[in-house]
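Asker: Here TrEMBL flags 57-76, 82-101, 108-127, 133-156, 392-415, 421-438, 445-466, 472-493 as transmembrane segment.
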Amino acid sequence: MNSHHRLKLIVALRGTLSALTALGVAQFLGIENPYWAAMTALIVIQPTRGLLFEKSFYRLVGTVFGSLAALFLLRHTVSPSMLTLALVFWLAGCVGIGNLLHGLRSYAFLMAACTCAVIVMSGFMNPSRMNEIAFGRIACIVVGIIVSTAVTAFFTPPSQREELERRLREAVSDAMSWLASLIRHGRTEEVARLEHALLLELADLEVLLDAAGAAAPGFRRRKRQVKSLIAALLSLLSVGRLSAEHLERHKDEDGRHAQWRELLARRLNEAAATFESSEGAAFSTELAALSSEARSHLPLLGETLHGLVAALEDVLSGVEAVAYDQESEPQHRLIRHRDWVEAGRAAFRSGLVIAAVGFTWSATGWSKGPLMLMALSIMTTVFSNKDHPAHFVGNIFVGAAIGSAAAVLCRIFLLPGVVDPYLTIAVVAPFVLLGFIAMQYRKTVLAATDATLFFLFVVQPGVAVHVANIDLAIGAVAMVAGVGTAWISYTLLVPINPRLRMRSILAAVSRDLVRMAQDGSPQVMARTRERLHHRVIRLVDMAARHDPEHLRTVEGGVTALGMAACIISLREKLEREDLAPTSERIIREALMAIAVLAPQPENAGQLLSRAARALYAVLEDGAVMKDVAHAEVGSAGHAGDVQMHPHRLLWAEKQ
């Protein structure tokens, strides 16, 4: 056995020890349904210690509220139909809220939903022991968390903060290199590739940030600063994308533009190479001086460079804020994307399938209906906020079938006559170990995880099972049928998949651009842009994981960032008191065009070019007015940087 497989075996043995120890402790304490402790010990195992603690906490919170809700429903409902109706509203509400929240806070609501359903069904089948079942569930969660933490925490890395900080600095250095290439060459294919890579990295860093900050209250302030830095880098990308449109239009008849662009690009490359040891403040001052000097000689080019340098200064300020954990309020924010439409559909989906199966059970009185509802409630809640729930549940269906079949065979052939609970643990140990071994491999992790969970749930070690073999088998089939019903709900009844989620985010991005174009309020503009930034990286992250041709989506994300920067620039120019009437007309027509055409994503590239042309025309007007005295002196070669056109709007559209 090579070292790679040996390491996986050690991890599997550790997980098996954790699950079986939790089972033994719960059994020793006389807790109802002790196998729940083993299932918890399996579920809360995480790649880092911080995630282990945080997931355990939110699982416990969700379990407590779900258990209390279950007791309330059991005591205040008098029939299966009333119980089903109450469950429909509880699950739909928890799932809707869970899909609006993010990360492990979402997990708490989803746990409250499925815990309530599981305890309600267990309590309905055993009404005399419903209190023991509810509080036993909570106790098992506590035992599972404590045992899993004790067995695995010391072997688990504390956090991913070092990786996060390393990759952040690399992202800033990459941003400088990209900016240098953009200034020197314009938006070539290589520059666009660097742009795409940077946006993908920022999307990945935003995901990594949650894992790095898990269960670390002291990291909260730094987490805000890191988010601010990511937002500043996104702003730099957006300004860069807009500047690329302008750089293509700059005239350079005497080579002076190229000279200034080369000077700035060279300095940026030097800074990127020595970024780890350079002083951000001194570097920012030097770049600002260079762009100001360029602005005095070449107003139009200087205007473009000034926007880039200002955005880069924000990035460098963010780097210092993260490095020194500053207490100051972050300069930039990311407002998290919330998909209200998909959250509503998720709530409707879970309520619909629970109602269909629950009312069928209440009408027919099928004795295995509660078991089917248990499995169905877990599948339609815990996995409802995944990008592709049907993919997860499809793999789980395979695992559930294997685990349930193994549990039935184990009960029929290996456990008859076994009354010693600790001997029962010894009998099920090989099955649990096989499951943990399969969990160590990417291709089998989903199926193996739920095969092990369903095995424990069906075989119920530590519980005296007094049912006929045929009833045991039918109960297992009912649970697997619950998983299959959930899969149908995700694929056919109320379908959801990455394509639909990305389409929903894309529509939200379009609405943000329309809102920015129509409403010039600074507060609305700022909040909308901050939300748009997060939607773009969410869209890009999802495309990278689910779309083989994701670079088209990445390019669309970069274009959306450029559109946002263009709208803000147009709005800023519109607020100027000395704005010429022709320039005002150009800006208003450009904003109107954005508001009308932004909901059509296929035209995004052309729309950005059109808006950039309008902004360039306005900038050129201002540059000519500043340079008019110089032009009158008769510097033919230099005053020709820009020329005043009598029909500015027509000219802008033709460029």
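We count from 1, first residue shown onward.
The backbone N, Cα and C atoms fix where each Cβ goes, glycine too.
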Asker: Could you name the stretch, out of 108-127, 133-156, 392-415, 445-466, 472-493, with the greatest number of CB pairs under 8 A to the transmembrane segment (57-76)?
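Answerer: Top-ranked stretch among 108-127, 133-156, 392-415, 445-466, 472-493: 108-127.
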Asker: Considering only Cβ pairs within less than 8 angstroms, which of the stretches 82-101, 421-438, 445-466, 472-493 has the most against the transmembrane segment (392-415)?
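Answerer: Out of the listed stretches, 445-466 contacts the transmembrane segment (392-415) most.
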Asker: Under 8 Å, at least three CB pairs between the transmembrane segment (133-156) and the transmembrane segment (421-438) (pairs 6 or more apart)?
Answerer: no
